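Just below is one structure, and these are the notes that go with it.
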Amino acid sequence: MSASSSGGSPRFPSCGKNGVTSLTQKKVLRAPCGAPSVTVTKSHKRGMKGDTVNVRRSVRVKTKNPPRCLEITPPSSEKLVSVMRLSDLSTEDDDSGHCKMNRYDKKIDSLMNAVGCLKSEVKMQKGERQMAKRFLEERKEELEEVAHELAETEHENTVLRHNIERMKEEKDYTILQKKHLQQEKECLMSKLVEAEMDGAAAAKQVMALKDTIGKLKTEKQMTCTDINTLARQKELLLQKLSTFEETNRTLRDLLREQHCKEDSERLMEQQGALLKRLAEADSEKARLLLLLQDKDKEVEELLQEIQCEKAQAKTASELSKSMESMRGHLQAQLRSKEAENSRLCMQIKNLERSGNQHKAEVEAIMEQLKELKQKGDRDKESLKKAIRAQKERAEKSEEYAEQLHVQLADKDLYVAEALSTLESWRSRYNQVVKDKGDLELEIIVLNDRVTDLVNQQQTLEEKMREDRDSLVERLHRQTAEYSAFKLENERLKASFAPMEDKLNQAHLEVQQLKASVKNYEGMIDNYKSQVMKTRLEADEVAAQLERCDKENKILKDEMNKEIEAARRQFQSQLADLQQLPDILKITEAKLAECQDQLQGYERKNIDLTAIISDLRSRVRDWQKGSHELTRAGARIPR
């Protein structure tokens, strides 16, 4: 805050981009860091006696410890003001500032709503992660049960292998038995042929015996030859029957042995079929073990992918936290800019009031000038009529009047210089307003970037949610496939072509997931580049604040130079006016006022140093905020 003047021209400080202290009518400003408050009153006084014109401005500084606040009172309407037109000031900036503030409030509300939505989505993601963890634990339990069943089937398979080895040994032994059985079959066939021949002979003998018995029945007389033939046929029949019985007995024995051998052969064939089935079961078991290993690998890959998703969710939450911190920082900047805007509006209103007061004081001074000129003319005429003897004194007074006219011309030049300085300060004020507009545009751009980052985070979360849903669906599918594999393992039926196709599809999906992970890494790199850009912008703002600090120092030096020039000028005027006894009292009063003004300037310098220290502390706070931004950008994982 600056209220210094040189020759009646008001001086305004260049406003920094972090904060601007304003001059308001009876406004209380809290001093930073617990410093005692200071009350500043501004008054402008212009007095003239005869043909002299003097433009002065006094700044009175009073310290008040009890309220500990900075109180600024406006100048009185009876004192001198600087020349400022009301047409130069308008309330359009105030209206536009209020509109922008409303827009910023709406944007902040939308950002708060977006952050609330993000928090709710993060909670939903946490619940989904817990559900996924429970689902994975259930799947792990099922896998453990399947592993236990596989261990039992392996034990059964080992027992079957031992039995198969024994059967193979018995098979080697039965090859010789088969050869022996072949020989026995040939022998049996020959025995069967003999038995058939014996049976045919016995049948013929029985037929012959029947014929002879029939003949005997018809003849009813038996000769010795008939008796002999009957005896012979009977003996032959008995022999044939005995041989037939022997062959039949041997044939039955052979048939019994053959049936036993056939039963043993059937058992061997059944054993061979069982061996084949066991071999097929072993091959199927090996295939199922390979498939189980592949499924275990896929489950591990899915767990790794879930861990990657968790890491991505953590990075997304960290990004949301950094965005919240950035949003808070931007809100603080926005509030500081709003306060700065309100201070500038109050300062403009105070300047309008001071301009009106200055106009009134200028008119009063012009009337005093006219009255003083008329009075001087009357005094001259009275002096010419009353005191003709004092010509030398009159000549001296005329010379002094000429000097006063010269001084009046100098004062007019001084007033013109004050007007030029006022114009320069007005241009600086316009530049400050322009810089403020640039800062507001930068804030709008930063808000747009924040919204873009929020949108990108939402798209990332949607993609992650879709990938997680696809992973859960794949887990369901794989569990269903695993149950199908379990049933096929129990039934020992093989057709694994569709499973191989599904495995190929799973590999393709894994490759697609890897590609999506690469895309996520690229998006994270983009976020890092955006954080670097914001860091560079923060550095630029810090550099602008440093430039503002330098400008404040330059203004302080210029103000000190102007104070010294005013002091010298008033001292020279005092030396000139001491020669005149009539205006001695006026010059003494002016000297006292000049001394008060010098003291006010010195106190103003103290206030300016306090303001500069405040600005430096704000610059440090800004640098701390930029360092926090850099730390937040460094926290983002690569």
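Even glycines carry a Cβ here, placed using N, Cα and C.
As recorded in Swiss-Prot, the features of this protein are as follows:
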- 125-198: coiled coil (COILED)
- 226-404: coiled coil (COILED)
- 442-616: coiled coil (COILED)
- LYS119: SUMO2 cross-link (CROSSLNK)
- THR73: phosphothreonine (MOD_RES)
- SER76: phosphoserine (MOD_RES)
- SER87: phosphoserine (MOD_RES)
- SER90: phosphoserine (MOD_RES)
- THR91: phosphothreonine (MOD_RES)
- SER96: phosphoserine (MOD_RES)
- SER110: phosphoserine (MOD_RES)
- SER120: phosphoserine (MOD_RES)
- THR212: phosphothreonine (MOD_RES)
- SER242: phosphoserine (MOD_RES)
- SER613: phosphoserine (MOD_RES)
- 373-396: region 'Disordered' (REGION)
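Taking Cα separation as the measure, THR212 (phosphothreonine) is nearest to SER242 of the modified residues SER110, SER120, SER242, SER613. The shortest Cα-Cα distance between SER242 (phosphoserine) and any of the recorded positions LYS119, SER120, SER613 is the one to SER120. Within 10 Å of the C-beta atom of SER110 (phosphoserine) sit 13 other C-beta atoms, taking all shown protein chains into account.
When pLDDT is averaged over the coiled coil (226-404), the result is 77. Of all Cβ atoms in the shown protein chains, 15 besides its own fall within 10 Å of the Cβ of THR212 (phosphothreonine). For SER613 (phosphoserine), the nearest of the recorded positions by C-alpha distance turns out to be SER110; the candidates were SER110, LYS119, SER120.
Looking only at the modified residues SER120, SER613, the densest Cβ neighbourhood within 10 Å occurs at SER613. Sequence-distant contacts of LYS119 (SUMO2 cross-link), defined as residues of its own chain at least six apart whose C-beta falls under 8 angstroms from its C-beta, comprise SER320.
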